[in-house]
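S.K.: My questions all concern the structure below.
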Amino acid sequence: MDASGPRNVSAEKQANFKTESVHSRISADDDDKVLEQIGYVPSFRREFSNLATISFAFSIMGLCSSIATTFNTPLTLGGPASVTWCWILGAVMCFTLGSSIAEIVSAFPTCGGLYTASARLCPPKHRAIVGWIVGWLNILGQVAGISSTEFGLANMIWAAVVVAKDGDYVVTSGKVVGLFAGLLAFHGLLNCLATRYLARFTTGFVFVNLGVTALIVIVLLAMTPRSEMHPAKYVFGSDGFVNGTGGWNDGIAFLFGLLSVQWTDYDATAHISEEVKRAAYAAPSAIFIAVVGTGLIGWVLNIVLVLCSGPLENLTTASGSAFLEIMALRIGKPGALFLWTFVCLTAFFVCQTALQACSRTVYAFSRDHGLPDRGYFGHVSSWTMTPLRAIWFTTTLSVIPGLLDLASPVAANAIFALTAMALDLSYIIPIFLRRWYRNHPEVNFKPGPFYMGDGLLGWATNVICILWTLFVCVLFSLPTMLPVTAVNMNYASVITGGVVIVSGAWYLLGGRRHYKGPSSNVPHYEDAATFGDPKEKEEQLGVEHA
């Protein structure tokens with residue numbers, strides 16, 4: 001036996017470790033150079049691997065928890081067939097939106113996400129007002145999304161209590177809001193962890209998400225007698241259509257099923273781009289993979305839920321969750337509550353990743369002087385290398401809509417309704433600007449690695465996603481029940497329009513004094529066409545350093 005063998009093996013391992021470290025450092029350096037070319041000094045540690053980034057993207061989509069919290073809407077408004085067909089229709093259209101977003105994120109891998117991209121994709125004279133409005137739409141849409149998702153998680157937990165007590169339990173607004181606030185505070189604490197711990201924590205999310213979904217599908221199919229499964233005409237055909245809107249025509253009632261699949265934050269992964277390794281590749285790929293995976297797997301889950309559901313009238317009980325009632329019917333109460341624990345856990349992951357993404361957006365907007373805070377929230381803690389100030393500002397802001405439920409559930413629901421419409425509009429603005437100003441001499445769009453090109457594929461994908469999103473925004477504006485009352489009125493369009501009008505007025509009256517569009521913090525940055533007048537940039541840098 002060669003005595004030098006173990007030493008050679010050890011030396012080889014050390015050499016491999018050094019080589020991997022060098023490659024990792026080179027990759028991080030390349031990412032930082034891209035960020036500096038966009039105009040920002042790297043402030044975060046890049047700890048999110050490809051797997052952690054994909055897991056983050058899947059987590060924000062929610063999958064089984066998103067279906068659990070929205071399943072009642074298509075089921076009660078359009079019936080089982082609406083659940084089945086509207087999910088896959090919406091998912092296919094969301095493929096175009098996800099691809100278009102991924103293309104822009106690949107070109108602008110910053111924590112500002114589509115907010116930064118919007119300002120970069122229009123001429124300099126429009127950059128400030130475009131960045132301002134898109135920034136506020138995106139931030140407030142995300143805040144409303146965090147609040148509504150956390151509120152949904154609180155209701156999911158109380159629904160389990162109601163089922164466990166056989167309906168003999170009264171859930172009050174105080175109990176829901178109290179649990180909501182406690183969960184939000186806990187997520188705020190978790191987000192204070194250093195990036196490396198967040199990345200490790202996030203890596204496991206995708207396995208729980210996909211594993212729970214697969215387990216629910218398998219168990220429901222195994223535990224439902226063949227004779228009690230609904231026929232295909234009920235799952236896919238006319239027997240499964242029920243107009244429960246109280247007055248809308250059948251077509252509108254059926255299309256209300258789209259409200260389930262559209263309730264997703266597609267660009268959240270963009271907001272952690274400055275913490276992702278090989279961000280221009282990993283972030284857009286994760287978005288695309290998660291959108292496709294969630295769409296297809298979610299369709300299977302919806303089909304199985306409808307297939308194994310009992311009589312429709314038995315699904316709308318005191319628990320308020322048809323999803324949980326179907327599991328309790330087929331698996332039994334103990335088994336249903338056991339699986340429901342993991343469904344709630346996936347909703348917990350959604351809130352965790354949503355808060356992380358929104359805090360990075362707040363940080364980016366403050367860094368660009370979009371907030372009247374003199375860059376206070378655009379600060380990264382030297383202790384954790386995360387934006388602690390932005391995290392707690394976002395957490396505090398997200399509590400407010402939930403607290404409104406104590407005074408007026410109508411007001412709280414109105415704020416929650418802001419989520420999808422505000423986010424969707426903030427998505428399509430940069431997609432539209434990229435095409436509208438494609439030949440403008442002052443707009444320079446440099447594609448990233450994820451690029452669909454300027455041919456038929458790229459154009460068709462962008463145009464379809466814009467038209468589809470506008471159509472869905474109209475659908476989001478309609479009250480789902482007739483006749484319209486103060487309680488069932490849909491305030492989404494009013495609130496979203498109010499955000500645009502108020503933010504525009506704020507910009508004209510005072511915001512334009514401190515916000516000039518995305519402002520570089522790279523010393524001697526030379527892209528004046530992108531970031532405005534050099535003197536203004538120097539003044540802003542002076543404020544930051546002071």
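One is the number of the first residue shown, and numbering goes on along the chain from there.
Cβ atoms are placed via backbone N, Cα and C, with glycine included.
A TrEMBL annotation is a machine prediction, not a hand-curated record.
Quick paste from TrEMBL:
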TRANSMEM  51-71  transmembrane segment
TRANSMEM  83-108  transmembrane segment
TRANSMEM  176-199  transmembrane segment
TRANSMEM  205-223  transmembrane segment
TRANSMEM  286-307  transmembrane segment
TRANSMEM  337-355  transmembrane segment
TRANSMEM  376-404  transmembrane segment
TRANSMEM  410-433  transmembrane segment
TRANSMEM  454-478  transmembrane segment
TRANSMEM  490-509  transmembrane segment
S.K.: I'm a bit unsure how to read this: which one of 51-71, 176-199, 376-404, 490-509 has the highest number of Cβ pairs shorter than 8 Å with the transmembrane segment (205-223)?
M.R.: 51-71
S.K.: May I ask you to check whether the transmembrane segment (83-108) and the transmembrane segment (337-355) make contact, with contact taken as at least three Cβ pairs under 8 Å and only pairs 6 or more apart in sequence counted?
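M.R.: With fewer than 3 qualifying Cβ pairs, these stretches do not touch.
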S.K.: Which of 286-307, 376-404, 410-433, 490-509 has the most Cβ pairs closer than 8 Å to the transmembrane segment (51-71)?
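M.R.: By Cβ pairs under 8 Å, 286-307 leads among 286-307, 376-404, 410-433, 490-509.
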S.K.: Could you tell me what the rest of the chain brings near the transmembrane segment (410-433), counting residues at least six beyond its ends with Cβ under 8 Å?
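M.R.: The answer is 97, 100-101, 104, 114-115, 117-118, 121-122, 130, 134, 137-138, 140-142, 144-145, 147-148, 151, 259, 262-263, 265-267, 401-402, 404, 462, 465-466, 469-470, 472-473, 476-477, 486-487, 489-496, 499.
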S.K.: At a C-beta cut-off of under 8 Å, are there same-chain residues at least 6 beyond the transmembrane segment (376-404) that contact it? List them, or none.
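M.R.: Cβ under 8 Å, 6 or more out: 43-45, 143-144, 146-148, 150-151, 177, 180-181, 184-185, 187-188, 191-195, 198, 355, 358-360, 362-368, 411-412, 415-416, 544.
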S.K.: Are there residues at least 6 beyond the ends of the transmembrane segment (454-478) whose Cβ is under 8 Å from a Cβ of it, and what are they?
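M.R.: Here the qualifying positions are 90, 93, 96-97, 99-100, 103, 248, 252, 255-256, 258-259, 262, 417, 420-421, 424-425, 427-428, 431-432, 434-435, 438, 490, 492-493.
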S.K.: Could you tell me what the rest of the chain brings near the transmembrane segment (176-199), counting residues at least six beyond its ends with Cβ under 8 Å?
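M.R.: Contacts of the transmembrane segment (176-199) (Cβ under 8 Å, skipping residues fewer than 6 from its ends): 44-45, 47-49, 52, 146-147, 150-151, 153-155, 157-158, 275, 348, 351-352, 355-356, 359, 384-386, 388, 391-392, 395, 398-399, 402-403, 405-406.
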